[in-house]
Amino acid sequence: MVLAGVAQRPWIKSCDRAFYGSMALSAATTEAPEQTGFWALTLGGIGVVFGDIGTSPLYAFREAVAGAAGGAPASRVLVLGVLSLILWALLIVVTAKYVLLLLRADNNGEGGTLSLMALGRRALGRRSLFLLVLGVIGASMFIGDSMITPAISVLSAIEGLKIAAPALEHYVVPLTVLVLVLLFGVQSHGTAIVARFFGPVMLVWFATLAAMGAMHIMDDPSVLAAINPWYAAQFLASHGTIGLVTLGAVFLAVTGGEALYADLGHFGRRPIQTAWLGFVLPALLINYFGQGALVLSNPAALENPFYKMVPEALVLPLTLMATAATVIASQAVITGAFSLISQAVQLGLLPRFEVRYTSETNAGQIYLPRVNALLLIGVLLLVLLFQTSSRLASAYGIAVSTTMVVDGIMGFVVIWKLWRWSWPAAALVILPLVLVDAMFFSANLLKLLDGAWVPLLFGLAMAVVIWTWRRGVALLMIKSRRAEVPLDDLIGSLEKHPPHIVKGTAVFLTADAEFVPPALLHNLKHNKVLHEHNVILTIETMHTPRVEAADRIRLVKVSEKFSKVALRFGFMETPNVPKALVLARKLGWEFDIMSTSFFVSRRSLKPAAQSEMWRWQTKLFVALAKSANDATDYFQIPTGRVVEVGAQVTI
């Protein structure tokens, strides 16, 4: 196993930044409406941002009412109570918290849990371990959700076959597996071509939801009484533990709401707000109330109220449309997982994964083969283990509710410290929202033994990997520092006793520019030569999504033969070292790739007999290091210009 020292990211000077933003489908900022076209972004937002929450009507109302009824016929009070809970959950959690409040908390135009964390840590003016832990928890839970969302979404859509043709019930799981395998299989080819249809398809989907609901509200117009929050309060007060369990099912209606904030940087605040308030929210509410009216007029429809809303002849076309919508929702989650992992790698929280670019024009469209394979395995295991969307619904929600609680807590820090509100005013605004999130989180915990342990297990595994990697890298740096030589001392020694000088430029990638890179020491020791120009290169990942070209590079001339160069990248950028070094020409260094050699230090790790980490953790760290992709590829350095110097290290 070989480990590149520069790739381990201990040299990242500002670890107080976010590593999980939103899906890297575009690079629009909050000013994008003026640049790209407001309505085009609004349509794009409908296709990407609302895919997850837009497919919730397939199962959310059914699961909530069925769970509350406990096998008995659903009473009017029960149906109205559930509808009222869904309505006010959408208004409080999604509309008030995310659409009206957190969409204003952007990090240079970007949103998402980790961007919020970066804002909070910046506002505190110090490295806050508490906020970092919250960010890791939020990111870890997203990975768990990334496996459940495709499974439950596609499975619930294809279950429409049981309504259209009961004889096909046995084909639901195999067809679900087939669709998911195809979905993950095409990821390597990119989604640029089909992505342009996401907006129009979801536009038709939401219009269909509204039309279906509007037709059935007339079955029992009294269902509109559920707009009164009294029905929600009465339901919770009179149903005790059952009410709390039902709340966990009601939460299914708001899963995906966090995507509104996560995708802020892609579509802008105004397009997302317009799409939600003007189209998506009304369509969802009309459909939910239509399902409620249908169940009140025909209790037998509770078996699957969504598909019972259309004539039998239209069930199959609706199933196909629902499948398309769930595939789009799943695609958005998969892309988000790729983006999350890529940013975690960029910030040194995970080893380098192989990244393939699927678009020649948009660097944000990426494909991670290993991550894709792991997600597919996890999704298929969930489908085969749970078999139905009703069973899988028990596992859904805990990850999202955890993320929402995290967002609320960090939102308080931003409002208080960054927006400079008084803490009582900030608490007055955010505390009620956090309490609602906490209530949903508690409700989902009740489903722990029924399947909620699954995303928690996935999230825990992700958190352990991040913790192990950070701890291992830190210990590796401490061990390396003991043998390091100050750069100034070496330069002074070389000036007194100069070695043989060869033509050209040598760039040494290193963790800390104050000390001599191991590759430079090896070059002097074994080759006994020094280049005409020697550049000590460090790479910094900032706590902003992107770095302007003017701030990309810093160059300091140390001596006649030595310079220090620091390259800065945002946590959502893909580092391209040769391209960035071209900017050095403006600072006086005529960078020429053909006369430059890049020296990369690489370490081969072995578990030590005694380590500061647990034995299992040491083995995990070494395994993670072995799996790391090559630093040369990651920094996009031409392989013909790279010299690798290795050493074996025990940890």
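Indices start at 1 and increase along the chain as displayed.
Backbone N, Cα and C atoms are what each Cβ position is placed from, and that goes for glycine too.
The following features are taken from Swiss-Prot:
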- 38-58: transmembrane segment (TRANSMEM)
- 77-97: transmembrane segment (TRANSMEM)
- 129-149: transmembrane segment (TRANSMEM)
- 166-186: transmembrane segment (TRANSMEM)
- 197-217: transmembrane segment (TRANSMEM)
- 242-262: transmembrane segment (TRANSMEM)
- 276-296: transmembrane segment (TRANSMEM)
- 314-334: transmembrane segment (TRANSMEM)
- 366-386: transmembrane segment (TRANSMEM)
- 396-416: transmembrane segment (TRANSMEM)
- 421-441: transmembrane segment (TRANSMEM)
- 448-468: transmembrane segment (TRANSMEM)
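Among 166-186, 242-262, 314-334, 242-262 has the largest number of CB pairs under 8 A with the transmembrane segment (77-97).
Comparison of 38-58, 129-149, 314-334, 396-416, 448-468 by number of C-beta pairs under 8 angstroms to the transmembrane segment (197-217) places 38-58 first. Each of 129-149, 166-186, 276-296, 314-334, 396-416 was scored by its Cβ pairs under 8 Å to the transmembrane segment (38-58), and the highest score goes to 314-334. Comparing 129-149, 276-296, 396-416 for CB pairs under 8 angstroms to the transmembrane segment (242-262), the maximum falls on 396-416. Counted over residue pairs 6 or more apart, the CB atoms of the transmembrane segment (396-416) and the transmembrane segment (276-296) come under 8 Å in fewer than three pairs, which marks the two as apart.
At the 8 Å Cβ threshold, with sequence separation of at least 6, the transmembrane segment (129-149) lacks contact with the transmembrane segment (276-296), having fewer than 3 such pairs. Just going by CB pairs under 8 A, the stretch in 166-186, 366-386, 448-468 that sits most against the transmembrane segment (314-334) is 166-186. Recorded stretches compared: 166-186, 276-296, 448-468; the one with the most Cβ pairs under 8 Å to the transmembrane segment (366-386) is 166-186. Listed by sequence, the residues of this chain that lie at least six past the ends of the transmembrane segment (166-186) yet keep a Cβ under 8 A from its Cβ atoms are 150-151, 154-155, 158-159, 323, 327, 330-331, 334, 372, 375-376, 379-380, 383-384, 387. Remote same-chain partners of the transmembrane segment (276-296), defined as residues 6 or more beyond its termini with a Cβ less than 8 Å from a stretch Cβ, comprise 46, 50, 53-54, 56-57, 60-62, 65, 74, 76, 79-80, 82-83, 86-87, 90, 94-95, 99, 206-207, 209-210, 212-224, 226, 253, 260, 302, 305-306, 308-309.
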